[in-house]
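Student: I'd like to ask some things about the structure below.
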């Protein structure tokens, strides 16, 4: 299973915000510059993360974006559930005539649940705290 670029960059944006000194705001432009992703794509990602409460956007001259929760309260599995379309196969009888007898969807569903359960063991804080090599790569001080 490969995560979509939407989820990938959503996680990266959260990692960047969690790496900043506490309380420091950033901008969508800053995040796009760090990762080299289109601004339009990042705006959509940040909007969804904001609707889910993972990011807070502050308007105005001194505005920007920052984490909406503490990094230790953001489970990676929850973020993936929010951003990632997790249906691995299209099992409607319109597309597949073996749907009534097929057990593949159930097997894939169990595999996805195991994947997400493992990701639930990690918070955003686990990925960024005391990670000096990450801070250097992100040019965060």
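Heads up, the Cβ atoms here are built off N, Cα and C, so glycines get one too.
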Student: Given 28-51, 52-75, which one carries Swiss-Prot's DNA-binding region label?
Tutor: 28-51
Student: Quick check on the binding-site residues 91, 96, 102: which one has the highest count of other Cβ atoms within 10 Å of its Cβ?
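Tutor: Counting every other Cβ within 10 Å of each candidate, the maximum falls on 91.
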